[in-house]
Amino acid sequence: MERAVQGTDGGGGSNSSSRSSSRATSAGSSPSCSLAGRGVSSRSAAAGLGGGGSRSSPGSVAASPSGGGGRRREPALEGVLSKYTNLLQGWQNRYFVLDFEAGILQYFVNEQSKHQKPRGVLSLSGAIVSLSDEAPHMLVVYSANGEMFKLRAADAKEKQFWVTQLRACAKYHMEMNSKSAPSSRSRSLTLLPHGTPNSASPCSQRHLSVGAPGVVTITHHKSPAAARRAKSQYSGQLHEVREMMNQVEGQQKNLVHAIESLPGSGPLTALDQDLLLLKATSAATLSCLGECLNLLQQSVHQAGQPSQKPGASENILGWHGSKSHSTEQLKNGTLGSLPSASANITWAILPNSAEDEQTSQPEPEPNSGSELVLSEDEKSDNEDKEETELGVMEDQRSIILHLISQLKLGMDLTKVVLPTFILEKRSLLEMYADFMAHPDLLLAITAGATPEERVICFVEYYLTAFHEGRKGALAKKPYNPIIGETFHCSWEVPKDRVKPKRTASRSPASCHEHPMADDPSKSYKLRFVAEQVSHHPPISCFYCECEEKRLCVNTHVWTKSKFMGMSVGVSMIGEGVLRLLEHGEEYVFTLPSAYARSILTIPWVELGGKVSINCAKTGYSATVIFHTKPFYGGKVHRVTAEVKHNPTNTIVCKAHGEWNGTLEFTYNNGETKVIDTTTLPVYPKKIRPLEKQGPMESRNLWREVTRYLRLGDIDAATEQKRHLEEKQRVEERKRENLRTPWKPKYFIQEGDGWVYFNPLWKAH
């Protein structure tokens, strides 16, 4: 069949980019046009390009009927992209060809070698194409068999074009494979070995020899009687395939059992990296084969009964993938302890719950603020504040590898129970309280003389709040709060430390805790309460108020974690509202995302994303951007901010620096101010002793887990955590049987948000 090419830029134009732009060679419509119309169906090879051919911008290929039958044909997308090869060679330019009809992405060393054997081929059926912030204009293509291409385009436009075409191709072939239906004319579905070119026409495919090696042809016949005969014939063959797969499944189970029966120490253990990879690969292979068998069964069934939908008949064989030890227990939400030299770590994917099987306790008491007013019982917090700055130990790395082998890219980790050794010795609710470690800056907001000064004070406080809440650079995960869990504390701030921004004269201070005032009458009291109000989704609420300064903060946060390969991302969905009752102002703010990087070596944390601060009454707003570190070069923990007066479109303040280091503020009058977060005074929380805390207060609830983590006894900590989880499951089942809805103790749902039951703005 004739293949023709049509250029669109006069035949001799060139792309101004240093790297050649992606181009589509076509005898038909452009990729964008054709994909919008009817999806990908066939490929037009690049041919007849004199002197390298025309260089057209993406999507600019003209549409014209092909010679011969007038049938519109889809182009093959070609162009130069940078591919990440290895750690030593880094990024290298390679010539890529996207074959729409075959559904493959292949690359060559350069354009001249594209008629030779490709250097690499990636099947796009069922592939995932995602964007990445590791490098500029980067995209990652993950095939269904686990292979991966890390690619970079010349610019954002080219990147988006490639992403669009790759995703469309992947979607098209996935739909064709899973939703194939018999057409009105006879056609064949041919399964060829990997890499075999499928150039035969539909007619020639029907006459392929049955004995041809490596070729299996399933023919959809026009005659219903012939279709029924073929169905009976192939159904019997599929029965044989199913029996064979059942045998392989049993062998794979034996393999997994043999691996997991190995001793916990010695030259070969159950956590050997090669054995973990073997387990994961064998399970994934069986799963893929099972999907293929299901597709074949649907095709045979549809050939005989074209009017019925796939799966409508009970005669279709059922095989749902490998039921290996690991896979089966993952689905059931249970997995036995993994042998380890120093720890028995239990983790499981839970059906409808967050990390610690967030479940309910018996119905709480009616809303009551009694625990907030018992401030005479509170004492200065003397808990250890720093996590041990150690990397991942070898046996722990093996456990994490085992965990990663069971996860999929983009998987929601709120449904995964993580190993105990990665947990931080505090609850997420307490971590929110630690964001208030500089209460003097918070209370100074209301002391501002003008709306401009107050919004700038809030931005200063906001940017300095995160470093203490993170407790060092080591990325560890706080306990996921259990529904009904609460945390209470307070701060005493000397009144002479709370001053407006322009008049505040801060002498150099150490980063040690700031001493409390001896006379309570000379201090402001800042109270804090947090509660876990929901477990699906996991929503935490916290409320903070200073009655004397008539200031309060009400916040609700939904944490959503996601697996990103060698890192974990946590989105903080929700918002907070700072109310200055003295001025009648409300500042609505959002929170950044957090990322745990290098989870297999020395994990570290960074913040990322764009957040906003808005005050509708005054017209002031602020935009804060937490910059994540680029793949190559760049600084970590960088943040920039801009405060704007919207009615006049005037920028009144800019800030830049590091959220856990030095921040520099520049005001519109030319003044500058530098804040070093490492030298800011830290005010310790005041918290009641454990013996005076309720059973659902964070430290009392997790006390045994925390104690064993401090002792380094991971086995005992895991056992205590498991005991706590099981207790919550029992209470949850009771609540479900009684159909009793959970009623939070301190917060009330209003619309999509949650509000403290007795806030300062309602009491005054």
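The backbone N, Cα and C atoms fix where each Cβ goes, and this holds for glycine too.
When other Cβ atoms within 10 Å of the Cβ of Ser561 (1,2-diacyl-sn-glycero-3-phospho-L-serine binding site) are tallied across all protein chains shown, the result is 24. In the three-state DSSP classification, Ser561 (1,2-diacyl-sn-glycero-3-phospho-L-serine binding site) falls within a strand. Look at Swiss-Prot and you will find Leu413, Thr414, Lys415, Val416, Val417, Leu418, Asn480, Ser561 tagged as 1,2-diacyl-sn-glycero-3-phospho-L-serine binding site, backed by similarity to another entry.
Per Swiss-Prot, coiled coil is recorded for 713-740, and the stated evidence type is sequence analysis.
Per Swiss-Prot, the feature compositional bias 'Polar residues' maps to 359-370.
For 511-520, the entry in Swiss-Prot reads compositional bias 'Basic and acidic residues'.
Swiss-Prot lists Ser29 (among others) with the feature phosphoserine.
Look at Swiss-Prot and you will find Ser30 (among others) tagged as phosphoserine.
For Ser57 (among others), the entry in Swiss-Prot reads phosphoserine.
Annotation comment: Swiss-Prot describes Ser60 (among others) as phosphoserine, evidence class a large-scale study or a structure entry.
According to Swiss-Prot, the phosphoserine annotation covers Ser64 (among others).
Swiss-Prot lists Thr196 with the feature phosphothreonine, giving a large-scale study or a structure entry as the kind of evidence.
Sequence annotations record features per position, and here Swiss-Prot assigns phosphoserine to Ser201 (among others) based on a large-scale study or a structure entry.
For Ser209 (among others), the entry in Swiss-Prot reads phosphoserine, with the evidence type a large-scale study or a structure entry.
For Ser223 (among others), the entry in Swiss-Prot reads phosphoserine, with the evidence type a large-scale study or a structure entry.
Here Swiss-Prot flags 1-74 (among others) as region 'Disordered'.
If you look up Swiss-Prot, you'll see 304-335 (among others) marked as region 'Disordered'.
Annotation comment: Swiss-Prot describes 354-391 (among others) as region 'Disordered'.
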Note = Model confidence for the coiled coil (713-740), as mean pLDDT, reads 83
Task = Please report the DSSP secondary structure of Asn480 (1,2-diacyl-sn-glycero-3-phospho-L-serine binding site), reduced to three states.
result = coil
Request  = Let me know how many other Cβ atoms fall within 10 Å of the Cβ of Asn480 (1,2-diacyl-sn-glycero-3-phospho-L-serine binding site).
outcome  = 24
